[in-house]
Amino acid sequence: MLNPIVRKFQYGQHTVTLETGMMARQATAAVMVSMDDTAVFVTVVGQKKAKPGQDFFPLTVNYQERTYAAGRIPGSFFRREGRPSEGETLIARLIDRPIRPLFPEGFVNEVQVIATVVSVNPQVNPDIVAMIGASAALSLSGIPFNGPIGAARVGYINDQYVLNPTQDELKESKLDLVVAGTEAAVLMVESEAELLSEDQMLGAVVFGHEQQQVVIQNINELVKEAGKPRWDWQPEPVNEALNARVAALAEARLSDAYRITDKQERYAQVDVIKSETIATLLAEDETLDENELGEILHAIEKNVVRSRVLAGEPRIDGREKDMIRGLDVRTGVLPRTHGSALFTRGETQALVTATLGTARDAQVLDELMGERTDTFLFHYNFPPYSVGETGMVGSPKRREIGHGRLAKRGVLAVMPDMDKFPYTVRVVSEITESNGSSSMASVCGASLALMDAGVPIKAAVAGIAMGLVKEGDNYVVLSDILGDEDHLGDMDFKVAGSRDGISALQMDIKIEGITKEIMQVALNQAKGARLHILGVMEQAINAPRGDISEFAPRIHTIKINPDKIKDVIGKGGSVIRALTEETGTTIEIEDDGTVKIAATDGEKAKHAIRRIEEITAEIEVGRVYTGKVTRIVDFGAFVAIGGGKEGLVHISQIADKRVEKVTDYLQMGQEVPVKVLEVDRQGRIRLSIKEATEQSQPAAAPEAPAAEQGE
């Protein structure tokens with residue numbers, strides 16, 4: 001009854017298995033894809049009929065990780081998986097972006113792709129497996145889909161490209177790039193890099209696209225064996241007469257409207273033209289569909305903007321193809337934040353802050369691939385007022401998570417190492433105005449805010465969004481695209497980096513036929529734009545401030561003998577708790593004996609360092625210390641000699657004559673000179689007041705080991 005159809009093939013160093021026909025047979029299509037023990041089960045369901053009045057393509061991609069895949073039980077209160085994590089949201093977007101442009105124009109039937117991770121090998125990331133699964137399931141389903149696509153991860157290790165590197169190999173790699181595309185063309189790139197050149201990045205894209213052809217070939221073979229019949233779907237016939245009538249009424253007016261450079265004015269005028277045109281046409285014929293008229297008008301708008309760009313005319317806002325909008329760069333705009341910047345590029349503006357915290361502020365991420373700690377956090381907020389609209393304000397949406405991740409990738413390569421700058425850093429970008437490429441404005445703002453906060457970043461970084469308009473062999477690459485150019489163009493191409501190289505590259509391509517040469521032109525044009533923006537940013541701040549903000553915690557680092565860690569922590573943490581309360585600092589101790597003391601006041605930090613040095617100091621036999629009587633017993637007295645250490649002065653060692661009663665000589669809290677006679681194997685200390693008084697120069701406290709101290 002169950003008749004699985006299986007295909008196996010070698011993909012780089014991994015074996016990939018595609019299996020269908022075993023599970024979820026009521027779904028339109030279902031595929032289990034595995035790559036060396038990482039397995040993702042992907043299903044596709046498509047509705048045979050579109051909803052009446054549907055005017056957009058309702059594609060939903062859900063990606064969900066099950067903890068049983070890693071042999072674990074969820075740590076949440078209810079012990080089951082909840083809402084998607086940030087990582088799951090990002091992978092859902094990664095699957096969505098290359099498949100969305102491959103559905104035919106006019107197809108508005110609901111389609112849902114669900115990818116469930118059911119087994120995971122910690123060395124093989126499930127994202128590529130899920131992308132291959134989505135491509136295979138859609139190709140098998142019979143739904144109109146111009147795929148399949150392939151997907152590949154590319155690393156760069158020892159000046160060589162590596163196909164689908166393992167998690168361990170990625171740690172050594174200067175590049176983490178995911179590329180997806182069809183047999184003929186690249187459709188999507190998502191990457192972060194350690195400042196690689198334009199040629200190295202382009203080489204990685206081309207390498208990944210060439211290598212993924214084996215995936216496409218095997219999916220095609222699987223479709224021949226197990227594919228369902230293609231749906232008999234036809235696009236609605238074009239109403240040429242209606243198109244001509246709409247164009248006669250609106251084309252010239254829309255062409256004029258798209259010469260208005262101010263976004264709000266232009267939008268208002270376009271809305272007036274559209275509503276007047278629709279009203280005129282409905283007055284002529286009540287049976288016309290308003291949605292259809294809207295689509296025709298949108299197509300005219302698109303054609304107006306594109307034909308003008310291709311003819312070499314100025315763009316919507318009057319700029320030439322490679323011009324950047326006017327820049328305004330300010331730092332230190334908020335008085336109490338640790339670092340802040342306001343970055344404005346035309347009608348796009350980001351208010352960006354940087355906040356410094358201690359290691360305790362780091363985010364612990366319990367992921368399927370294992371637990372990790374993130375000491376650099378980047379959050380991007382896109383409130384509705386940034387585009388002059390009203391709307392819901394609340395938890396971040398998919399787009400905000402995706403843009404925040406892209407901006408983080410742009411800055412990550414220049415962040416200092418934790419051993420040089422032991423702070424957790426959180427950057428928040430508030431988009432206050434938006435008209436094109438707010439994620440790249442966030443990269444620029446983050447670089448400025450980090451410098452303003454005194455974070456010793458390795459270089460300033462800037463980002464730029466590029467666009468493309470292509471008809472046949474004629475194409476134009478646009479620098480610093482507006483929102484309208486993004487919607488009406490054929491490619492969205494974002495590049496972030498420093499003067500030395502690229503730190504992040506994201507590409508979303510809506511058409512086939514983007515050649516290596518076009519990508520080369522776009523990358524080189526983006527480099528010129530990036531260097532221009534960096535030049536303007538450097539006029540505002542050209543290096544990180546020499547010191548961190550007075551409102552930020554200062555972290556001082558000292559080294560102690562690892563054997564002494566237990567003395568500083570104390571029983572059940574009693575000593576370290578008392579220390580933090582007494583000194584008003586935060587103290588963290590690592591297994592190698594590194595102690596980090598965080599304080600907003602330098603004096604408090606010095607006090608904490610002094611106390612830790614006292615606690616960890618070695619007691620010297622034969623040395624005289626000043627101690628304080630802490631307990632009196634019949635046979636002598638216990639004396640504290642600093643650093644939490646206590647020794648016994650036997651009754652015979654109190655004076656050089658017979659002592660009948662200890663209290664005749666000593667009182668609680670009395671300071672006395674004591675000489676260390678012996679420290680036994682259990683660390684018990686024998687002291688003598690009698691011998692100490694014979695020596696005239698007592699030491700104030702135990703001598704501490706030399707501290708390795710830095711800020």
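A Cβ is built for glycine as well, from the same backbone N, Cα and C atoms used for every other residue.
Segment annotation: Swiss-Prot labels region 'Disordered' over residues 689-711 (candidates 68-90, 574-596, 689-711). Around Asp486 (Mg(2+) binding site), the C-beta neighbours below 8 angstroms that are at least 6 residues distant in the chain are Gly436, Ser437, Ala465, Gly467, Asp492.
The helix, strand and coil residue counts that DSSP assigns across the domain 'S1 motif' (622-690) are 8 helix, 33 strand, 28 coil. Helix, strand and coil counts from DSSP across the domain 'KH' (553-612) read 32 helix, 16 strand, 12 coil. In the three-state DSSP reading, Asp486 (Mg(2+) binding site) counts as helix.
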